[in-house]
Amino acid sequence: MAVRTILAPVAGSDMDRRVLSLAFSAARRFDAHLEVLFVAPEPQDVIPIVGEGMSGLIIEEMMGAAEKETKKRLANAESAYLIARKAAGIAEADAPQTTLQPTCAWRRDDGREDETVARRGRLFDLVVIGRDPREAAASLTFDACLMETGRPLLVAPEIVPADVGAKVMIAWNGGVESARAVTSSMPLLRQASEITIVSVGEVPHGRATAQALADQFVWHGVKANVDLRPDQSNVAAALMDAAEKCGADSVVLGAYSHSRFKEMILGGVTQDMLAKCALPLWIMH
């Protein structure tokens, strides 16, 4: 697998800056085409459910306010895109080029953001996205990308490192989700100068160990170090400590090895890493 196309949803929020920074960085690394997508919601989708007692005038005013907010967000998103594109020095294109090089394009669609981004995301090799639990719409879109696209996500942290993909850490537990995340990240791993596979606690019976994964990487021409951490009282904390010690600039992680509902209620490695990890996360469910 190669990463030739990247999708980056934007919403006219403060999160766009870091998403675009990471997305353009990924486009350069993979010589990929980046599509930056803004989804304008229909006015009736962004206002509260109206009751029978609400007058037509009030409904009209609410829809007008919703349209005004959408225009503001669109202007913010497009401005952020133009600034990021200029900083990255990447040309726009609407068709593949004769030579392999990074390109980009702006796209606007109308509809529900989560549904539109999920549908569009299935056509791309990678989705670069931000996550802010404080914004309900952003969380819905993130969940739709993770659970409904079948594509790996590269999640932008608060501060995006200058170079992403030079030193990569893999969080490995031998599970299906970890395996899928690793397979999807091979384009990233092949270019990395240093890879560290971290395994926290004992690998469950019947699963491949971190050393077995490192041995298998030889067939891909990839060399990896192995860091075994016996303490499993707080897996996410152990992973973040390992990332800091090996100087990683990104982490490959299988998402929601346990029930997603269970992790949301009781907490879990994925939830903790998404909330607290200061590095870009390459995740796949």
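Each residue, glycine too, has its Cβ placed from N, Cα and C.
Broken down with DSSP, the domain 'UspA' (4-135) shows 61 helix, 28 strand, 43 coil. As annotated by TrEMBL, domain 'UspA' applies to 4-135 (among others).
The feature domain 'UspA' is assigned by TrEMBL to 201-284 (among others).
DSSP places the residues of the domain 'UspA' (201-284) in helix, strand and coil in these numbers: 38 helix, 14 strand, 32 coil.
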